[in-house]
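Peer 1: Pasting in a structure now, in structure tokens, and then I'll have a few things to ask.
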There are 2 protein chains.
Amino acid sequence: MARKASLSGFPEWLPAERLVELHVLDTLRKTFELHGFSNIETRAVETVGQLLRKGEIDKEVYGLSRLQAEEGEAGRQDPNALALHFDLTVPFARYVVENSGHLAFPFRRYQIQKVWRGERPQDGRFREFTQADIDVVGDGELPFRYDVELALVIAEALSALPIGEFRLRVNNRKLAEGFYLGLGLEDTAGVLRSIDKLEKIGPEKVAELLRTELGATAGQAAAALALAGIRTTDTSFVEQVRALGVEHPLLDQGLDELAQVIGAASTRAPGQVVADLSIARGLDYYTGTVYETVLVGHEQLGSICSGGRYESLASKGSRTFPGVGLSIGVTRLVSRMLAEETAAATRSVPTAVLVTLAHDDSWPEAQDIAAALRARGIAVEVAAKAEKFGKQIKYADRRGIPFVWFTSAEGSHEVKDIRSGEQVPADPATWTPPAEDLHVRILPAASPAAVTA
Amino acid sequence: MARKASLSGFPEWLPAERLVELHVLDTLRKTFELHGFSNIETRAVETVGQLLRKGEIDKEVYGLSRLQAEEGEAGRQDPNALALHFDLTVPFARYVVENSGHLAFPFRRYQIQKVWRGERPQDGRFREFTQADIDVVGDGELPFRYDVELALVIAEALSALPIGEFRLRVNNRKLAEGFYLGLGLEDTAGVLRSIDKLEKIGPEKVAELLRTELGATAGQAAAALALAGIRTTDTSFVEQVRALGVEHPLLDQGLDELAQVIGAASTRAPGQVVADLSIARGLDYYTGTVYETVLVGHEQLGSICSGGRYESLASKGSRTFPGVGLSIGVTRLVSRMLAEETAAATRSVPTAVLVTLAHDDSWPEAQDIAAALRARGIAVEVAAKAEKFGKQIKYADRRGIPFVWFTSAEGSHEVKDIRSGEQVPADPATWTPPAEDLHVRILPAASPAAVTA
């Protein structure tokens, strides 16, 4: 678990670790599909022009060039040059525009793929990592209710993972901007940028920034900080904001929207989805609801799932496609699960049974037994050589295979649970391992700290 | 289906097409796991030095460089520079060496990932495509039986796909080399290279090549061509080769090995695995068994699954890791399935039921119904707005959702199959759709030509 990646920032898992990651991916897929999300994949590459369209120069992009490129091929500064995508939102926006004639809107999609960023690797930050995104995108308009629904879907998906407690923190950009405008602070983006530094530099320095850089009065700065201090698990944040005495139509709209999300979540995902009026996120991007998520006890890991509402994910002529979506940082989550051993596989291989060979020429018969077991969904390997039984059992033990199958010269069959040593007669046509041994399962670690609150 | 990729060589599927691809991937995974193969993923990038280690300059490699790279960073000619992998074998070899201390040998792994090649795209050839590989790798030695087993696993995996008939063609490098040596032709690689051109240039030109470039006599050339002409569905190829009157110990070994593969396959996968003594493949790489696979009726598509035995997949000091493996060209296969419409999804979304809204404030109640259905594995969406029922039904119809759920003001429930129009009372706690509507299924097309022989 403490192995170092051979290339910094490019993690690779051992087979037993990959089982944990597969469990996470399978669980997310199952939840998303139960909620009617369709899967798509987009190509790993975009044109540089597409990737930098929104001026995302803060993301470190990996450009591509053929090793055997000839003179005159697109150089990496050329907007038509290819580069690896750094998230799944930019490619999805392109996909929606390109395929809009073939999609039924509102289009619900999930997408689970690797993305690449040439950043300096650090704890929880990688150069290659997997994201799992869900978005709903409308054609022209998209009811606000999807902002509520997506919070619930994500809470359900994260609850199904053996990751312990989490908090999905929700805020609303309209609420914050309306509040600042109501206060008389016109540069709302500037205020948000300062408030975003709250955790890093503390309230006093933020207040100073607001005063010196944005011309706020001490009262305005105090009010902005008071707003950012509001955190509730129910809709009582509305009253707390109202108590600050600021009025603005945009504030009203933001309060109403956030109350819809928190109101539904406080009954459907109690304690998991909270209002947190300090959340800023993606300054140039989101236009209403914003989400981020922390693992309780692992807050310093950063957000494991973020997103929000964007009034124009993409546009095609005068047609715009508003959307709301969230992105789970699968690799960040899995790397923490593995490092903290919060979950583990019941065995390290899919195999439930090793069929041994009594003689070297009993391999075809052993294959028949294996085929009979596999027909009932039991994962089986057949020994490749008729070594001494002790050696064949040792092989199973070394690989973590729980059951070993023996066939006598007379054709009678026995199966041994090598963990208990129990050996019983068995019929290839009917024998099945106990349900808990049929498939590899991923269980939360017994140690309480990491799993429960 | 006839949509053009917006970037040549980088195919992207619509949601309903992706369902076909997912079915292929799920089926392969299930088969591989039933046979005890563990899944791993390796990073998408390798160092240029690693990728070109075997002098693979025929593969067009995509090099990487950060768009914001500073002067002095590794250039793309630098062996430490990064590039995208062009197959899954080179990364797997590196992974085995790096993690040999953590793996149980023989190590059985499957790996399903995208690979990239900067080649000129053409029918069946892409710049980004998915491969599904299985390999068994030993530490120092690996019994030949795995060569037999892998042919059977692949035949089982391909049989489970709605792709129609296929032929897994098997040959053995030792057989061919032994034969050439027995004939007195010492440059066996040269002969193989000429024989490999058989399909392209025909027997007469190959005979000429053998005579002019390799100094073969007319008799030697004729014998080499006679060998390449042998194709059998059982082990009768042994007699046919013997009848050519050539003797060599390596030939004996090759005949014995190939007879083991074809002997087992002729009973376990009759007609699917054939001996084809013209197969050459991967000249510098494979040392014994070689495999390639064609779709019957789509031979011009090229091989959809190839591989072989390599005595030294990787080495670490004096330790070598022999292996045997095959790689399925998933994208090539799926692109043909989609183009020929050999299989299709029973619906285009995972959703089985749309829960409608009678009033805008019945959304929470509709969510309760949805949750009750999802708890039984039924994929459900809830309408976002209480539009006229006709409009809500039209939404379901447009998305391909088969069932629509209605709740009256008195709390009675009914569910309508919008395909038949049948509407019946239903209880959210017990109602389940017919088994064939529970999940999306991928069915072979009704049109016979593409599916049956």
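Note that the numbers count up from 1, one per residue, in the order the chain is shown.
Heads up, the Cβ atoms here are built off N, Cα and C, so glycines get one too.
These came from TrEMBL, pasted as-is:
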{"type": "BINDING", "residues": "B:Asp87, B:Leu88, B:Thr89, B:Arg117, B:Gln131, B:Asp135, B:Arg281, B:Tyr285, B:Tyr286", "note": "L-histidine binding site"}
{"type": "DOMAIN", "residues": "B:106-350", "note": "domain 'Aminoacyl-transfer RNA synthetases class-II family profile'"}
Peer 1: By a 10 A CB contact count over all chains shown, which of the binding-site residues listed here is most packed: B:Asp87, B:Arg281, B:Tyr286?
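Peer 2: Highest number of other Cβ atoms within 10 Å: B:Tyr286.
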Peer 1: Grab the L-histidine binding residues from the record (B:Asp87, B:Leu88, B:Thr89, B:Arg117, B:Gln131, B:Asp135, B:Arg281, B:Tyr285, B:Tyr286) and give me their largest CA-CA distance in Å.
Peer 2: 22
Peer 1: Taking only same-chain residues 6+ apart in sequence, whose CB is under 8 Å from that of B:Gln131 (L-histidine binding site), what do you get?
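Peer 2: In sequence order, the residues whose Cβ lies under 8 Å from that of B:Gln131 (L-histidine binding site) (at least 6 apart) are B:Asp87, B:Leu88, B:Gln111, B:Ile112, B:Gln113, B:Lys114, B:Val115, B:Ser327, B:Ile328, B:Gly329, B:Val330.
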Peer 1: Any same-chain residues 6+ apart from B:Thr89 (L-histidine binding site) with CB under 8 Å of its CB? Would you list them in sequence order, or say none?
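Peer 2: Sequence-distant Cβ neighbours: B:Asp133, B:Asp135, B:Leu313, B:Gly325, B:Ser327.
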Peer 1: DSSP on B:Asp87 (L-histidine binding site), three-state: which is it?
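Peer 2: SS state of B:Asp87 (L-histidine binding site) = coil.
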Peer 1: Under DSSP, is B:Gln131 (L-histidine binding site) helix, strand or coil?
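Peer 2: Assignment for B:Gln131 (L-histidine binding site) reads strand.
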Peer 1: Averaging the per-residue pLDDT over the domain 'Aminoacyl-transfer RNA synthetases class-II family profile' (B:106-350), what integer do you get?
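Peer 2: On average, pLDDT over the domain 'Aminoacyl-transfer RNA synthetases class-II family profile' (B:106-350) sits at 94.
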Peer 1: Need the DSSP three-state call for B:Tyr286 (L-histidine binding site) to compare against my parser.
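Peer 2: Once the DSSP labels are grouped into three classes, B:Tyr286 (L-histidine binding site) ends up as coil.
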